[in-house]
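Take a look at the structure below.
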Amino acid sequence: MVKSHIGSWLLVLFVATWSDIGFCKKRPKPGGGWNTGGSRYPGQGSPGGNRYPPQGGGGWGQPHGGGWGQPHGGGWGQPHGGGWGQPHGGGGWGQGGGSHGQWGKPSKPKTNMKHVAGAAAAGAVVGGLGGYMLGSAMSRPLIHFGNDYEDRYYRENMYRYPNQVYYKPVDQYSNQNNLVHDCVNITVKQHTVTTTTKGENFTETDMKIMERVVEQMCVTQYQQESEAYYQRGASAILFSPPPVILLISLLILLIVG
């Protein structure tokens, strides 16, 4: 009778310990979600600071020092004081003169991005990118930009934009916003530098559309990685020392009894 009670209490203790470890396991914080207060992406809610995407008098689909699809020191679809990756108002991509200057002046890559993508398996760390991994290839998302011109432009030029994103493990970020912001920056930068070194330039419209497309892909990548991260964590909890010791003790007691 006494052994039966002891076995019952050990079983309760085992379940309680396993549950407590499961709830206490560290996981990335949601950060309030998209556009729901707190530090948000784009812009991280910091007026006057570096905002992403570039804010030049209007947000997505609004005037940007001149309406989208209208002249802005050069019509959309044409170089804007020099194409992307070339002099642009006194500075090229990453050379100042634009909101992307914080990335620093890029050096010419020694390896074509497509070659890197072909050689690296999805989820593998890409050499030379500081621990970033290359995600799986995705179908480019269906996005409406608020006007017929940009919707049509995206349909006709979507092949020019990335179908894979660069990211770091989810446990290195405090919330989804930070991972997505970093993912967009590195992916757009790598794709732009690689493309411009081949003699192709991106217009303002290209950059606006590409940032939106990559952002959506980074969100999808985050969701996939978070799910996999939680599943790995659940498996690790089951075989962590406290539950295993309690389970062995319970089995020994039942066998002896």
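Just so you know, the numbers here start at 1 and follow the chain as drawn.
Cβ coordinates are placed from backbone N, Cα and C, and glycine is handled just like the others.
Feature annotation from Swiss-Prot assigns N-linked glycosylation site to N185, N201; the stated evidence is sequence analysis. Taken from Swiss-Prot, the feature region 'Interaction with GRB2, ERI3 and SYN1' covers 25-234. Residues or ranges marked as region 'Disordered' in Swiss-Prot: 27-114. Feature annotation from Swiss-Prot assigns region '5 X 8 AA tandem repeats of P-H-G-G-G-W-G-Q' to 54-95. Feature annotation from Swiss-Prot assigns repeat '1' to 54-62. The repeat '2' annotation in Swiss-Prot covers 63-70. Swiss-Prot lists 71-78 with the feature repeat '3'. Here Swiss-Prot flags 79-86 as repeat '4'. The repeat '5' annotation in Swiss-Prot covers 87-95.
According to DSSP, N185 (N-linked glycosylation site) sits within a helical segment. Separation of the C-alpha atoms of N201 (N-linked glycosylation site) and N185 (N-linked glycosylation site): 18 Å, rounded to the nearest whole number. The local packing around N185 (N-linked glycosylation site), expressed as other Cβ atoms within 10 Å of its Cβ over all shown chains, amounts to 18.
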